[in-house]
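Undergrad: Copied straight from TrEMBL:
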DOMAIN    A:4-246  domain 'Endonuclease/exonuclease/phosphatase'
BINDING   A:N7, A:E34, A:D145, A:N147, A:D245, A:H246  Mg(2+) binding site
ACT_SITE  A:Y104  active site
ACT_SITE  A:D145  active site, proton donor/acceptor
SITE      A:N147  site 'Transition state stabilizer'
SITE      A:D216  site 'Important for catalytic activity'
ACT_SITE  A:H246  active site, proton acceptor
Amino acid sequence: MKLATWNVNSLKVRLPHVLDWLAANQPDVLCLQETKLQDENFPIAEIAASGYQTIYTGQRTYNGVAVLSKQPGIELVTGIPALDDPQKRVLSAIYDDIRIICIYVPNGEKVGSEKYQYKLRWLAALKDWIRDMLARHEKLVLLGDFNIAPDERDVHDPKLWEGQVLFSLPEREAFQEVLGLGLLDSFRLFEQPEKSYTWWDYRMMGFRRNMGLRIDHILLSRELAKICTACVIDKTPRKLERPSDHAPIMVELGKL
DNA sequence: ATGGCTGTTCTTAACAGA
């Protein structure tokens, strides 16, 4: 089974990239963030023509998440149940017995800002919810754009980013607390190339100079980590014309 | 120190993203 996540930064603009990527990689499940589409504008027909069905929750201009899958999911959840949040950032369903949770964590803008406080509150609510979900689902995947680089290895210039949003200690601690519930960072289960990132700034030739951050993640419950055989960041779509600033990541799971 | 790209909007300037 192949599970993937990709912040597409506007599905309207990136739909051709997504369809090409689906055809080339054939994931069983692909989670998308920053679709930036209201539900009535979601391109279900184009995606269905590629052999995928979709669940989605979106809004105008900002945020929006979707889960594309070969098989239908059950027990859909939209948003973090205990969090009263109009922003469309969370979508979850069960696929092939696995509870998939697609998230788009708030960016946080700047350490100390109102949006940063919202990010930390949001992460605290996420932790409480994931604790509940793990108690109910041994097979669980939490994946998406976390907007947190967990470790110095995940930052092209840790000195420059020290204390900055996406790499500040409170954010990294919140990430570790989620892991502490019983999740593993699939990317670090395997040997990886040095300087592996999932996001590069559009400006200053960030991608060409590999000035990136690893802020998109696929976290696996212990049960699933045991059967995970690979985790790969695919930089191919980042090289296309008009790319998303994020690259997709994919894990492969063997038989239970 | 700043702004640097990109996408979106009751657009052509302002904002948010990371």
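Backbone N, Cα and C atoms are what each Cβ position is placed from, and that goes for glycine too.
Please treat TrEMBL annotations as automatic predictions, because they have not gone through curation.
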Undergrad: Looking at Cβ-Cβ distances, which residues of the chain lie under 8 angstroms from the residue listed as 'active site' while being 6 or more apart from it?
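TA: Counting only residues 6 or more apart in sequence, the Cβ neighbours of the residue listed as 'active site' under 8 Å are A:N7, A:Q33, A:E34, A:N63, A:G64, A:V65, A:R89, A:V90, A:G144, A:D145.
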Undergrad: Taking the Cβ of A:N7 (Mg(2+) binding site) as the centre, count every other Cβ atom within 10 Å, in any protein chain shown.
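TA: Around the Cβ of A:N7 (Mg(2+) binding site), 24 other Cβ atoms lie within 10 Å.
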Undergrad: Compute the mean position of the Cβ atoms of A:N7, A:E34, A:D145, A:N147, A:D245, A:H246, which form the recorded Mg(2+) site, and then list in sequence order the other residues of that chain whose Cβ is within 8 Å of it.
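TA: Filtered neighbour residues, in order: A:V8, A:N9, A:Q33, A:Y104, A:W199, A:I215, A:D216, A:S244.
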Undergrad: Over the domain 'Endonuclease/exonuclease/phosphatase' (A:4-246), work out the mean pLDDT and round it to an integer.
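TA: Value for the domain 'Endonuclease/exonuclease/phosphatase' (A:4-246), mean pLDDT as a whole number: 98.
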Undergrad: Reported as an integer number of Å, what is the Cα distance between A:D245 (Mg(2+) binding site) and A:D216 (site 'Important for catalytic activity')?
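TA: Given the Cα positions, A:D245 (Mg(2+) binding site) is 12 Å from A:D216 (site 'Important for catalytic activity').
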Undergrad: Can you check which residues sit near A:N147 (Mg(2+) binding site), meaning Cβ under 8 Å from its Cβ, same chain, 6 or more apart in sequence, and list them in order?
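TA: Non-local contacts for A:N147 (Mg(2+) binding site): A:V105, A:P106, A:N107, A:G108, A:K119, A:L166, A:E171, A:I215.
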Undergrad: Which whole-number value in Å describes the distance between the Cα atoms of A:D216 (site 'Important for catalytic activity') and A:H246 (Mg(2+) binding site)?
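TA: A:D216 (site 'Important for catalytic activity') and A:H246 (Mg(2+) binding site) have their Cα atoms 8 Å apart.
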Undergrad: Taking the Cβ of A:H246 (Mg(2+) binding site) as the reference point, list residues of the same chain whose Cβ is under 8 angstroms away and which are at least six residues distant in sequence.
TA: A:W6, A:N7, A:V8, A:N9, A:D145, A:T198, A:W199, A:D216, A:R238
Undergrad: On a simple 10 Å Cβ count over all chains shown, which one of the recorded positions A:D216, A:D245 is most densely packed?
TA: A:D216
Undergrad: Determine the minimum-neighbour residue: among A:E34, A:D145, listed as binding-site residues, which Cβ has the fewest other Cβ atoms within 10 angstroms?
TA: A:E34
